[in-house]
Amino acid sequence: MTQLPYLLDRRGGALAAPATAWGDMMLNRALFSVALLSSVGSAWVVLSYACIKELRSYRHQLILGLAISDLLMSLNFMFSAGWNVAGGDLALEESRTACSVNGFLTQVFVVQTDWWILVIAIATYIILGNFKTQSQFIQTHVWIPWVGPWVLSIIIAAICHGVLGYGYIGGWCWLTSDLMRLLINFIPRWLIVIAIALIYIRLYMIVRKARKWDIEGVSPDPGDDMADTSVILMSVGKKDRERQGSGVLVSRDVSVSFGRKGSTAPTFVTMVTTSGAGDSREAISSCSAREEGSRARTVNVNSSRSLSLGMRQPLNAAQLKRIAKKMMVYPVAYAIIWACPTAIRIYQGTTGSRAPLWITIVDKSCIVIQGLVDAVVYGLNERAWQGWRDHIRRIIYKNEGGRIIG
């Protein structure tokens, strides 16, 4: 009896691929939908950077690099899944070239997003950790963090293509051996997750100590290694966010520096700037409500770009706690979405058995959804929403005679 096409046995392929053509079709339909969501999330981050000047800080330039990689990876997944949904089959010999290209791009962008995540964490630590020389260097040589992820990922993908080759694994083409994918991609990714966890734990401790000083009014010991640490609440942007003539400038950078001076007074920051066209000066403000002897607790605002005119930012415990919690979201998010794929690689690589279809769909969806997760972690925040609201207002309203009118 002739088997129906959608029931054809495909167990001769990679373990990661479904055993039947019907299962493969279900997998590809699910992955195409997830990849579409990821591409929308990544495009949101890219579009936000392009349209909103407030989201063009140095750190956002690195996030842009991650978003571009996520977007390209999502489009690559949409291509492979769409190819199979439309009636093609990347597992066939005649599709070998397309499969090799798809596998190469998959390897490039999976590795690349790993390195982008690490680069962002390291850059954040350098800036928040008050490493002034290193911070100035990386911010004046923006191209260096951009080159690293691209060069490393392309080299690794090229070596894998030459030594192992790429084949269809269900949904897309990649390294067909679960054990090889585990060794080349998953173990390095977990090392990166551990590294960024350690980095953000250190930053969490920095912010937590700052919060403790703010609550208790306790200044750091002169010998404390935290004494010269700066906690940046807002990033430095390339251009001022300015409404001409209205005197409204929104804060760009707030650096809370706990020096070797202290007091028991609540801390706040006063930000000043000039509002003349093309005029930007360094704003430095120190506030202290009370002094004890020769020790005074100061909060310094240092920025080469304009800050809010006469605007005060209370640095209360809730703010510092929120910042500390947000830092820990990054490693936790990546650990969650990669836990299932890693477990499946270990299971299939050691037992040689194929996982059930529904587990395969969940497994691959966790990989494809990374673009959406990155968009939520890095791109969906109050600052982005406020930036979009202001951007829409600028489109709706005209600026005439130095004042905004309807």
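Keep in mind that glycine also has a Cβ here, set from the backbone N, Cα and C atoms.
The record in Swiss-Prot pairs Cys173 in a disulfide bond with Cys99, which is drawn from Cys99, Cys287.
Taking the topological domains listed in Swiss-Prot, Cys51 lies across the membrane from Leu183.
Within its own chain, Cys99 (disulfide bond) has Leu90, Ala91, Tyr166, Gly167, Tyr168, Cys173 as residues 6 or more apart in sequence whose C-beta sits under 8 angstroms from its own.
On the 0 to 100 pLDDT scale, the topological domain 'Extracellular' (83-107) averages 93 in the predicted structure.
The DSSP breakdown of the topological domain 'Extracellular' (348-356) into helical (H, G, I), extended (E, B) and coil residues amounts to 4 helix, 0 strand, 5 coil. Within the same chain, the transmembrane segment (144-164) packs against the transmembrane segment (108-128): three or more Cβ pairs sit under 8 Å, each pair at least 6 residues apart.
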